[in-house]
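Asker: Would you mind keeping the following structure in view while I ask a few things?
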Amino acid sequence: MPKVSDTDLAERKVEILSGARHCFATYGYDGATVARLEETIGKSRGAIFHHYGNKDQLFLEVAHEDMRKMAELAADEGLIGAIRTLVKSNDLTDWWGMRVEITRRVNIDPCFAAKWELDQLALRETVRTRLREQRASGRIRKDVEIETIAQTLELVLEGVLGRLAQRQGTEGLSDALDFVESALRSPGH
């Protein structure tokens, strides 16, 4: 049996997660049958579930990967910057569709909700760490608590998610995000 390089293995996992994201976003968790996953991903069930033991693990890994990406963007660009990047993204439909399905699963599956909450905590901490750094550098207001600013940003994220989930489009979002950013900045920044 030929040895598969770590690079090839990583590429296969990326392909599987990308295809699974599209399938879950298109059909929902329940509608993403194994046959649909195979068709969308372009790999056999054996190849898919060799890496991810079952559909639950695959869904959780896609959700985890999306949250990791969001936390990475938030660490680099702030939460508003992360929202901007995602809104401009080519895979926007799949990302937002997956996010809607994650929200649905959180509401009906306590086990999934508990695992998802761990990823949410990581994002929350990333956002708060970035806000503390921004405050220390004088870029954001000092007259509002960090927790209040963080909750405001989380509400903005959820509002954008809701708007996009309802297919209301992105028109005007950039201006709204500019407004939120300017409201949080220190005078002169």
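Just so it is clear, glycine is given a Cβ too, placed from its N, Cα and C backbone atoms.
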Asker: Among R36, R45, R185, which residue does Swiss-Prot annotate as binding citrate together with L79, I80, R130, Q134?
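Answerer: My reading of Swiss-Prot gives R185 as the candidate in that site.
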Asker: Among all the protein chains here, how many other CB atoms are within 10 A of the CB of R185 (citrate binding site)?
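Answerer: The answer is 14.
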Asker: Could you put numbers on the helix, strand and coil content of the domain 'HTH tetR-type' (10-70), residue by residue per DSSP?
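Answerer: For that range the per-state counts are 53 helix, 0 strand, 8 coil.
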Asker: Cα distance, E181 (Mg(2+) binding site) to I80 (citrate binding site), nearest Å?
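Answerer: Taking the Cα atoms only, I80 (citrate binding site) lies 7 Å from E181 (Mg(2+) binding site).
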Asker: How many other Cβ atoms are found within 10 Å of the Cβ atom of R130 (citrate binding site), counting all protein chains shown?
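Answerer: The Cβ of R130 (citrate binding site) has 21 Cβ neighbours within 10 Å.
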Asker: By the count of other Cβ atoms within 10 Å, pick out the sparsest of the binding-site residues L79, I80.
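Answerer: Comparing Cβ neighbours within 10 Å for the binding-site residues L79, I80, I80 has the fewest.
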